[in-house]
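Data first, discussion second: the structure below is written as structure tokens.
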Amino acid sequence: MMKYIDPVVNALRTDFTWNRIGHLTAKGSRALPQASIEYVLDKFPIIGWLPQYNYRWVINDIIAGLTIGLMLIPQGLSYAKIATIPVQYGLMSSWAPSAIYAFMGTTKDLSTGPTSLISLLTAEIIEALHGEEWSPVEIASAVAMMMGIYGMAIGFLKLGFLLEFISLPILSGFISAVAITIILNQMDSLLGEPNVGDGTATQIRDIFQQLPQANGYACAIGFTGILLLTMLDQAGKRWGKKNRIIWFLSITRAFIALVIFTGVGYAVNHSRGDSDNFLFDVAKVQADGQEPPKVPSAALLSKVASRSIAVFVGSAVEHTAIARAFAVRNNYVTDQSQELTYYGVTNVFNSFFHAMGVGGAMSRTAVNSACNVKSPLSGFVTTAVVLVSIFKLVGTLYWIPKATLAAIIITAVWPLMSSPSVFYGYWKTSLADFISSMIAFWVSLFVSTELGIAAAVGFNIAYVLLRQVFATVRSLPDSRRRSTSSDSLPLPLSVPHGDDVHSHVNLPPDVRVFTFTDSLFFPNAYHAKHAIIDTVKTMHAPIFNGNGSLEQERKWSVTGEKRIAKLRRRAGITDATHLPPIGVLVLDFGRTNHVDVTACTHMKAMVQEVKMYGGASVEVRFANMSEYVRQRFERAGWALVDGWQSGSESEQQLDENKVAQVFDSVIDAVLAPRRQSTRLGTSGSEKSSGESVNKGREKASMREQV
């Protein structure tokens, strides 16, 4: 018996995988208590930033909270109308998200609540389940709960990276189709036309056929509302920065239109008795405060579980994208998985209160940022404004014309549509990106949004698999390249754990070299970008060190600082005060045979953030680029020049974050002269006099080390 047992025992004892599992298990057990505490604290970011809150920020947060609250009242009503539920439930969906975000959010700018995208996708589910035993409100609440469950599952398990498999072209096509569908759905209310059918083709036909039966009063209300909203919007864009009154009127234009036309609706209809005699249809908002909580039924949840996936994917990607965009714009760091955790918790909570699903909204977030909001505490003020409207203003809101709500919706979603130039840009950059955007657009527009995003994602998955199967293998020497593989330094993509480039060659301390080890496209571009940013922030000092700088002012946000502190501890950096700045960033594309639109966009964002961290003088240099990769960058709008051509047309006319120098090898990129004296510890005159003498000697020495 032992002759059979001993080999098995020995195999288990020496097996690499089992030994690794045992090592990781032991390591995890030792770290579990501290990691558990940190995990819980990470779920409530307010614990980190509230002790650093500056009382002078209160005025900014109150103003921002009031402004967003005034925006949420008309938007909540309008988006509930899109979702085909009684409009008062739009308000009931809007009060809790802002307060919960104050505890769990990782941005100061993001405004959450009902959105046009969620509303339309919810309406499609309601339409599909029409005629069964559940009311539209119950179905909307069940969809919100399933959105929340999916969000919490991904957020608590830190699986936010899964959403990166939805490429930017797919989102452009999907959201554009959704915007057109929403506008078509509002045309019957805007024109006062009866019996407009469902489906894009049917709606277009019915709208034109029934023009003779249109209600002139509704048309007058609706088009006057669109004119007012457009005028205020354009006035804000043109004069808002110079005149604060015009700016405030512009950002509260939906609320202003609501007040004016509600007064008109009351004045002309309140004395006409029955609603059948009204000159035009009104919203008929009816509610007696917030209804008591109720859990959606299990049977209904099972019905909407699969249908809610498209709602979750579309809204979660929108939510996290908005959060990331404003984090970069305003110089702080957001946590994508934590944002999804908040998204899930809020939607589950909302579902108990007869509410529809919620997520981040671009228009409100932009206004919140424009109000110079200082922290997520502004959400408490927003919650208070919405609760006052629920308990005190519902009777007044009864008289809102439906045409006014349609006008608010149409002007809100019109900017969501991508222009034809965006899709033409996909065509120029990548045929596959263009095809995926077109699939998402046309299928979502004429079939269903659920099938549209699924078909586009399916196409991208097949495209990725085909690219892996038919990957091009090049042999050396290759006459199409002027450098050989030996010119590429043997560097990893990122070195946040101490594997510094200085261990390979004697680089100047303010130079950092990165080598991409594979194609750079939508599944890995986001992580590649953050690997570079994390390394730069770990190994180099920021340009802002003094008191009163941007780094000092941004005290409410601690997510980014905590992350970099952990990376520096892992790298063995105990004193960050002696870290060098970043002067030159070299990207080695020697192993990269493909890039796409998403990668080019993320590389621009990476350059912008590195320059925000290290200063505008940071130079970006590309090395070992194949002609194919170079063409992709150039077709995406990048200006790539051979070496540095000072004063070139590219430098003068294009976005400085999309300009880079291209070199035949990494060594050439490292040794090339600087545009200005950015080399650490070297003045411009010293560099000029010494560089011309020693350049050849340095280059030969570095080649020998390689």
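Using N, Cα and C of the backbone, Cβ positions are placed for all residues, glycine too.
Feature list (source: TrEMBL):
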{"type": "TRANSMEM", "residues": "55-73", "note": "transmembrane segment"}
{"type": "TRANSMEM", "residues": "139-159", "note": "transmembrane segment"}
{"type": "TRANSMEM", "residues": "166-184", "note": "transmembrane segment"}
{"type": "TRANSMEM", "residues": "214-233", "note": "transmembrane segment"}
{"type": "TRANSMEM", "residues": "245-268", "note": "transmembrane segment"}
{"type": "TRANSMEM", "residues": "377-400", "note": "transmembrane segment"}
{"type": "TRANSMEM", "residues": "407-427", "note": "transmembrane segment"}
{"type": "TRANSMEM", "residues": "439-466", "note": "transmembrane segment"}
{"type": "DOMAIN", "residues": "501-673", "note": "domain 'STAS'"}
{"type": "REGION", "residues": "674-706", "note": "region 'Disordered'"}
{"type": "COMPBIAS", "residues": "683-692", "note": "compositional bias 'Low complexity'"}
{"type": "COMPBIAS", "residues": "694-706", "note": "compositional bias 'Basic and acidic residues'"}
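When Cβ-Cβ distances under 8 Å to the transmembrane segment (439-466) are tallied for each of 166-184, 214-233, 377-400, 407-427, the top count falls to 166-184. Stretch with the most C-beta contacts under 8 angstroms to the transmembrane segment (245-268), considering only 55-73, 214-233, 377-400: 214-233. By number of Cβ pairs under 8 Å, the transmembrane segment (55-73) is matched best by 377-400 from the list 139-159, 214-233, 377-400, 407-427.
Outside the transmembrane segment (407-427), and at least 6 residues removed from its termini, the chain residues within Cβ reach (under 8 Å) are 74-75, 78-79, 81-82, 116, 169, 172-173, 175-176, 178-180, 182-183, 186, 190, 221-223, 225-226, 229-230, 233, 254, 257-258, 362-363, 433-434, 437-438, 597, 636-637.
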